[in-house]
Amino acid sequence: MSLPIYLIGARGCGKTTVGQALALALGYDFCDTDHYLQQARQQTVADIVAIEGWAGFRAREAESLKAVTAASKVIATGGGMVLAEENRLYMREHGRVIYLNANALVLAARLEAYPLADQRPTLTGRPVAEEMVEVLAARDALYQLAAHHIIDAMQTPDAVVNQIVSSLSLARAS
């Protein structure tokens, strides 16, 4: 049985894009926890946050993580999935965790170009570049703590996929 692969990292690091390509390369299924949650609740992330607040959203996010976990699956998680220790431990115990690491300026540029940005409420209400600096400062240590592998996500999606496949192969060989 092949363990699930969890992709973690800040918004805009490429978890969904890389995850879909990685799943294809490995012959795995793909799931995005935010998309799963939105389909299950028939609400956008922004709607869930508006109705239940961030704490309610984080609780639903944790439920989604457990619901989608299965063997031979690549799972793109929400950027804040690592905030709860329960989620970090769950991912480490049930699969391989890959941190897609990118700097704040790259993330901000990607988010500003992303057409569905209105579905992702800002955490601080400030411009996206400022927010990404603050979010990364607060979360980078948590991403590193949760990760089995840290991958440079400032490359092309294909290069990121190749680096992940190599890292996973090296881990299996050791």
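Cβ atoms here come from the backbone N, Cα and C positions, even for glycine.
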Asp34, Arg58, Arg139 bind substrate according to Swiss-Prot; which of Gly12, Gly79, Gly95 goes with them?
Gly79
Nearest to Asp34 (substrate binding site) by Cα distance: which of the binding-site residues Lys15, Thr17, Gln155 is it?
Lys15
What count of other C-beta atoms do you get within 10 angstroms of the C-beta of Lys15 (ATP binding site), across all chains shown?
28
Residues with Cβ closer than 8 Å to the Cβ of Thr16 (ATP binding site), same chain and 6+ apart in sequence?
Asp32, His35, Ala76
